[in-house]
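Asker: Okay, so Swiss-Prot annotates it like this:
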type	residues	note
BINDING	Glu172, Arg218, His455, Arg496	L-aspartate binding site
BINDING	Arg218, Asp219, Glu220, Gln227, Glu489, Gly541, Leu542, Asp543, Arg544	ATP binding site
REGION	196-199	region 'Aspartate'
Amino acid sequence: MRTAYCGQLNLSHVGLEVTLCGWVNKYRNFGKLIFVDLRDREGCIQVYFNSDAQKKTYVRAADLKQEFCIQLTGIVRSRPVSQINKNMSTGFIEIEAKFFLVLNVSNPLPLDIHQDNIEENRLKYRYLDLRRPIMFHNIQTRSRVMALTHRFMELEGLLNIDTPVLAKSTPEGARDYLVPSRLHINKYYALPQSPQMFKQLLMIAGIDRYYQITKCFRDEDLRSDRQPEFTQIDVEISFITAKKIRELMEFFICKLWKEILNVELEVFSQFSYAEVISRFGSDSPDLRNPIEMKDVSSIFQSLGNKLFICNAGCVDTIDTQVIVMNVPSGFKLTRNEIDKYSDYAKKSGIQQFLWMKIQMNDCKEITAIDGPIINLLNKNFLQLLMAQVKIENNDILFFGFNNDKNLSTTRMLSALRSKLGYDLNLVKQDSWKPLWIVDFPMFKKNTSGKLVSMHHMFTAPKDNDLICLKRNPELAVSEAYDIVINGCEVGSGSVRIHSYKLQQAMFDILGITRENQQKKFGCLMNALKYGAPPHAGIALGLDRLVMLLTKSNNIRDVIAFPKTTGAMDLMIDAPD
């Protein structure tokens, strides 16, 4: 029906007759000339109808309206110099219309595809929202990422194998979506939260190197980077170390950024879990933000077992964790702004919040200090503080106090760190800061004090140390690893347990009875008895990767037909 796409025409096509198909993007009637911007998935091109040259075509064109779907034949012409539009990729040319056919008319649109619209309307009329160029760009980028993934994985010798969607319910952290069986009354399939067991079984089967781009389903509370159904790039490889699989995935992500954005990513930083929590208060830190935290409890405890009085009130110096955040160029903050940040920190659980502004000369000598903490400023205190905290001229120091040993003070301050970074324009928006996080604890305690897996229950402890795992599970460190880019966790993986005894011990620690071990995981447990190889894997969030690559605000903008934060599909009115 067409010989070219609108957005692909250029000056080299001048004089050629072309047939185009698309939608009326804009319509302008100037009397003897009618101008239409014709749009297809590749872009827009200006078409003009001349009443003198093509009378019948011109008369019919007067009835065109926005979003009519048409087929048009015409001649590619170069625009007069005065009419060149450098804001369009086709702005140097236009089409002189000879004939057109209306393929379908359009009612007035319920939303304006030339501007932003409220989220509810965008999701209800998603098929119209996808006509917006930015949305097409996002979906096209997603397609490119998937194609690049397939090419990369095949070149690396991984086999693309799909695993079942109708599976068995297993305790993996989130709630399952259940599908009742018609043939087996009162029995249910579960939609997989991940293909975890299946890909491990593939390794035991000798497949050796596996991948797939797969749908996963989790019935959990949603946010901007979560959907009830999401897509992940799933990888599992036998006879590989954690270091080698990290190198492979780092190479893959660098290729994505190079191919899609023409950006050379720097070598990924690597931090332990304990380090990112202590320095940034988060296990998915945005390293573009230069603000770091430091535990200075010992400095305050050196003041003695007493309360000190300042403008902010009384603060206990003993048995209290004190975390300082050094905010570059924060001297300019007003007292009113500081008070707002103080309130923000206290809403996160911080019991007391103090500040200190510092000015220095070129010799790094302090010349001015301000803040409610000023009555503490003896020479010894300042020397101890400057020995632990890197302070520059015009910085402001924020001190957060917390005496609840069950709560992490740095985690409480993490949201404030992020807010300050954006409020003060400290985050370099055009930069990329990828990192690996390693050495996660094997377990954490849930709200009832029970041990649960930090990652999942198939993650191996470091060095496969069964004795350490049994003796003191709370101190066990896992062979898990996460990828974080600009504060967004885009991947998570681990070396897997390949020993029957070690997997059994893991289940025992988690309080899963031997009976339930067989009931829930009997297939995997039995398979581990038959020469299971060492293996490791990772899952990358495709939606999150594309969100970053397109600089979108949430993953709904990179999924063709997403759900709301309430897990509703407004377009098809599901669930019903």
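A Cβ is built for glycine as well, from the same backbone N, Cα and C atoms used for every other residue.
Predicted, not measured: the structure shown is a model, and the values here were computed from it.
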Asker: Out of Arg218, His455, Arg496, the binding-site residues in the record, which is closest to Glu489 (ATP binding site) when you go by Cα distance?
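Answerer: For Glu489 (ATP binding site), the closest Cα among Arg218, His455, Arg496 is found at His455.
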Asker: Enter the number of other CB atoms within 10 angstroms of the CB of Glu489 (ATP binding site).
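Answerer: So the number of other Cβ atoms within 10 Å of Glu489 (ATP binding site) is 16.
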Asker: Which of the three DSSP states, helix, strand or coil, fits Arg496 (L-aspartate binding site)?
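Answerer: The residue in question, Arg496 (L-aspartate binding site), is strand (DSSP, three-state).
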Asker: Please state how far apart, in Å and to a whole number, the two most distant Cα atoms are among Arg218, Asp219, Glu220, Gln227, Glu489, Gly541, Leu542, Asp543, Arg544, the recorded ATP-binding residues.
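Answerer: This binding site's residues have a maximal Cα-Cα distance of 19 Å.
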Asker: Just the number: how many Å between the Cα atoms of His455 (L-aspartate binding site) and Glu220 (ATP binding site)?
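Answerer: Computed Cα spacing between His455 (L-aspartate binding site) and Glu220 (ATP binding site) is 16 Å.
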Asker: Can you tell me the CA-to-CA distance separating Arg496 (L-aspartate binding site) and Leu542 (ATP binding site), as a whole number of Å?
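Answerer: About 22 Å separates the two Cα atoms.
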Asker: Average pLDDT across the region 'Aspartate' (196-199)?
Answerer: 96
Asker: Would you mind ranking the binding-site residues His455, Arg496, Arg544 by how many other Cβ atoms sit within 10 Å of each Cβ and giving me the lowest?
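Answerer: Among the binding-site residues His455, Arg496, Arg544, the lowest count of other Cβ atoms within 10 Å belongs to His455.
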Asker: Below 8 Å Cβ to Cβ and six or more residues apart, same chain only. Which residues does that give for Leu542 (ATP binding site)?
Answerer: Arg142, Val145, Met146, Thr149, Ile213, Phe230, Thr231, Gln232, Ile233
Asker: Neighbour count, 10 Å Cβ-Cβ cut-off, for Glu220 (ATP binding site): what number do you get?
Answerer: 14
Asker: Among all the protein chains here, how many other CB atoms are within 10 A of the CB of Arg218 (L-aspartate binding site)?
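Answerer: Other Cβ atoms within 10 Å of Arg218 (L-aspartate binding site): 21.
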Asker: Provide, as an integer number of angstrom, the distance between the C-alpha atoms of Arg544 (ATP binding site) and Arg218 (L-aspartate binding site).
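Answerer: Distance between the two Cα atoms comes out at 16 Å.
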Asker: Helix, strand, coil residue numbers for the region 'Aspartate' (196-199) per DSSP?
Answerer: 4 helix, 0 strand, 0 coil
Asker: DSSP on His455 (L-aspartate binding site), three-state: which is it?
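Answerer: Reduced to three states, the DSSP call for His455 (L-aspartate binding site) is coil.
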Asker: Provide the three-state secondary structure of Glu489 (ATP binding site) computed with DSSP.
Answerer: strand
Asker: For Glu220 (ATP binding site), what is the secondary structure by DSSP, using just helix, strand and coil?
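Answerer: The three-state answer is coil.
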